[in-house]
Amino acid sequence: MTMRLRQIFYVFLLGMFVGLSLSGLIYWGFTSIWFGNHLTGNLGRTDVASVTPWLAPIVWEGTFDSRVIDSIYKQQNITIATTVFALGKYTRFLKDFLESAEEHYFVGFRVHFYLFTDQPEEVPNVKLGQERYLTVKTLPSMNRWQDISMSRMEILEKLIENELASEADYIFCLDVDTKFYGRWGVESLGRLVGVIHPWFFNVPRFLFTYEHRPKSQAYIPAGKGDFYYTGAAFGGSLKDVHNLTKTCREQMNIDTANSIEALWHEESHLNKYFLYNKPSKLLSPEYLWRDISMSSGSVKIIRFSHVAKNNAEVRPNL
């Protein structure tokens, strides 16, 4: 009798293990791009890489089912914090950015924009939808666009530490001289998310503009590197983005102490970080295109794009 009970107990444990394993697999499958494709009979894209060598998905049009993934995240009651910096003449881009975001950016989800500017009086009055919020934070003016760009890492680090821990689940940092043209939704969410630079997604690695001077903390040796990521859009969980921004800020401080500035400033440090801390998800150049008027080739839909501008006119320096 004791042996019989023991056998039943072991069978019960095995059943529990198999059941939990299947539940986990099903959950992973439903939340993965791969499973979403196969549920709908869409086998994805064959003309572009849709997975990295470390098995992180690369999100392209045709690699996810928006209805399936929206329904999953709707149940999680998430908040997406989104930071944008508009200093000096860059305030002119705010209206298009915010209005187009209302039409395309995480529609139907709770979004809190954090706008950093030196001209709060220039922030346009854009009507935001339900559960869409805008907090304006004042910064001092800066004389160099490079300083504006590099200061973002420290500001993001402190924002996450001081305000966002109980306020948001994910965060994205986006450039303001941009406009949304198509869906940017929960398919973009992940633990650590990088966006492939639109100028480098289809060129060989030796053309990537990494920092190759060993003196800089952003140094990447020749022959190393996976992708070239843009500094104009990145995100992920609060914990992972905090670690990214803290690390980049520390490395930029070391460079400053050594009187060196990385080739592409915080973008160079971002690429160094992603080389040794692989993103869990990559967004294709659909999520940051060069200019809406330019030919897109394998980019079937442009979701988010820089807008045409005269850099010499809008930047405080060249």
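Along the chain as shown, the residues are counted starting at 1.
In case you wondered, yes, glycine gets a Cβ from its N, Cα and C as well.
Per TrEMBL, the features are as follows:
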ACT_SITE  Glu267  active site, nucleophile
BINDING   Tyr90, Asp175, Val176, Asp177  UDP-N-acetyl-alpha-D-galactosamine binding site
BINDING   Asp175, Asp177  Mn(2+) binding site
TRANSMEM  7-30  transmembrane segment
**OP:** State the Cα to Cα distance, in Å, between Asp175 (UDP-N-acetyl-alpha-D-galactosamine binding site) and Glu267 (active site, nucleophile), rounded to an integer.
**Re:** 12
**OP:** For Tyr90 (UDP-N-acetyl-alpha-D-galactosamine binding site), list the number of other Cβ atoms lying within 10 Å of its Cβ atom.
**Re:** 24
Original post:
Where Val176 (UDP-N-acetyl-alpha-D-galactosamine binding site) and the residue listed as 'active site, nucleophile' are concerned, what is their Cα separation in Å, rounded?
Top reply: 16
Original post:
Among the recorded positions listed here, Asp175, Asp177, Glu267, which has the most company in the form of other Cβ atoms within 10 Å of its Cβ?
Top reply: Glu267
Original post:
Cα of the residue listed as 'active site, nucleophile' to Cα of Asp177 (UDP-N-acetyl-alpha-D-galactosamine binding site): how many Å, rounded?
Top reply: 16
**OP:** Using all protein chains in view, find how many other C-beta atoms are within 10 Å of the C-beta of Val176 (UDP-N-acetyl-alpha-D-galactosamine binding site).
**Re:** 23
